[in-house]
């Protein structure tokens, strides 16, 4: 099997169609055909027929996720942690590569459409729900089930299962499903930002699992918060434009944004909850704990100063007493 042929890697001068100087979609297509016999250019998302496109399969999968992690945590209560370091490294490395590849393919397609048709077309026009983008949306959706393994590693290592982590992982799979089903044209922005964050996040986990000291841990959460702010700007704009155009045309708007109202409201609600939860997590983890840590350090320094001062006072008193003794003896002799 030849995976290095010149016909696979087509080099171009950077342009609207090939912003990276390489035809990434062609490369992805050829690799997919040669490795797994699947042509992404022929993919068609059909609700109810495409794998994991039925409400029943999605609900069962997410329910199974919560059952597994809760029962798994209970099973591990009286057992020693299973670190699975190599497997954890591989998991994070794979997700870093997948996220980066999907992000590059997404940028290539969106950039082409943006340069030819403008920003509003990309955000709101139903024609921007292209076959290539739908394929990438679907592949991104499938990765959400792979990401559920994050929690499995947590309970195997007997790490605490925070509500934010479990809620976020389970609901994100449902969120991606509803947006595919609702054909929201704005979802490329949310997915692109999420993929960018995941490149940072999973590369951090990979490096940490390899024993590297990574200084930018806090920035993972900061970038996630920025991501949700930008997500909500896009989603609220799209939802408002759709409602104003369809139901309240007397309100100021710039045109219709395609997608179902259910998908729009569900997306706005979920992303809003993410923003509040991640801000709360950041405050509790880095600000409050940091303040307490500084207080403990200050208290430790104060204790050390007090001990040193007390020791100095005792030494001074002893020295004074020693120096005073001869004069006392002389006075008694006189």
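Every residue gets a Cβ built from N, Cα and C, even glycine.
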Residue 21 / residue 160 share membrane side in Swiss-Prot: no
Candidate ranges 31-51, 52-72, 115-135 [criterion: Swiss-Prot lists as transmembrane segment]: 52-72
From 261-281, 282-302, the residue range that Swiss-Prot assigns the feature transmembrane segment: 261-281
Given ranges 136-156, 304-324, the stretch to which Swiss-Prot attaches the annotation transmembrane segment: 136-156
Cβ-based contact of the transmembrane segment (161-181) with the transmembrane segment (52-72), 3 or more pairs under 8 Å: yes
Two-stretch contact, the transmembrane segment (87-107) and the transmembrane segment (225-245), at least three Cβ pairs under 8 Å: no
Beyond the flanks of the transmembrane segment (188-208) by 6 or more, those residues with Cβ under 8 Å of it: 88-89, 92-93, 95-96, 99-100, 102-103, 106-107, 110, 122-123, 128, 133, 136-137, 140, 176, 179, 214, 216-217, 219-220, 223-224, 227, 230-231, 234-235, 267, 271
